[in-house]
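Copied over from Swiss-Prot:
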- Asp8, His10, His42: divalent metal cation binding site (BINDING)
- Asp8, Val9, His10, His34, Ser35, Asp56, Ile57, Gly58, Thr132, Thr133, Asn134, Glu135, Arg142: 4-CDP-2-C-methyl-D-erythritol 2-phosphate binding site (BINDING)
- His34: site 'Transition state stabilizer' (SITE)
- Thr133: site 'Transition state stabilizer' (SITE)
Amino acid sequence: MRIGIGIDVHQFAEGRKLIIGGVEVPSPIGLLGHSDADVLLHAISDALLGAAALGDIGKHFPDTSPDYKDADSMELLRHVCKLLEQEGYKPVNVDTMLLLEKPKIAPYIDQMRRNIARCLGLEINAVSVKATTNEKLGYVGRQEGACAHAVCLIENA
């Protein structure tokens, strides 16, 4: 068994959809990025890649490549799962924490968990998505961006 940790940050921008955990969350602003900027799925991808010592998402999906322009991060996560499988690993569980002031995402957490569980081939009780504010401190508190942390456990397939 191996443990991985991932973190991702994206700034907010006008004219972008807010996609978190594969769910489009109603919001007047979204997250800026080369792909769909799904901060939660990016953190999970990094955690899984790290657990298998396969580098990070920047190595596998560079933001300089037109191939990943506006990419669906759920598809990127599926690719990460294939990389794990090729190395003889499979995910066991994922625990995540999302930091943002607004909008409140509690109504969307169950769907995020279902999306992630389905993508990783896990039962929903093996996927945790939590959210908190930053108590108005720092870039998250000023509503300039969002941050996600993820920890995962993988095992030999």
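Keep in mind that glycine also has a Cβ here, set from the backbone N, Cα and C atoms.
Here the features listed in Swiss-Prot are placed on the structure.
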| residue | record | Cβ contacts under 8 Å, 6 or more apart |
| --- | --- | --- |
| Asp8 | divalent metal cation binding site | Val39, Leu40, His42, Ala43, Asp46, Ile57, Cys147, Ala148 |
| His10 | divalent metal cation binding site | Leu31, Leu32, Gly33, Ala37, Val39, His42, Gly145, Ala146 |
| His34 | site 'Transition state stabilizer' | Asp63, Tyr68, Lys69, Asp70, Ala71 |
| Ser35 | 4-CDP-2-C-methyl-D-erythritol 2-phosphate binding site | His42, Phe61, Asp63, Tyr68, Lys69, Asp70, Ala71, Asp72, Ser73, Leu76 |
| Thr132 | 4-CDP-2-C-methyl-D-erythritol 2-phosphate binding site | Met97, Leu98, Leu99 |
| Thr133 | site 'Transition state stabilizer' | Leu99, Leu100, Glu101, Val140, Gly141 |
| Asn134 | 4-CDP-2-C-methyl-D-erythritol 2-phosphate binding site | Leu99, Leu100, Glu101, Val140, Gly141 |
| Arg142 | 4-CDP-2-C-methyl-D-erythritol 2-phosphate binding site | Lys136 |
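Neighbour density for Ile57 (4-CDP-2-C-methyl-D-erythritol 2-phosphate binding site): within 10 A of its CB lie 26 other CB atoms from the protein chains shown. DSSP assigns Thr133 (site 'Transition state stabilizer') to coil in the three-state reduction, outside any helix or strand.
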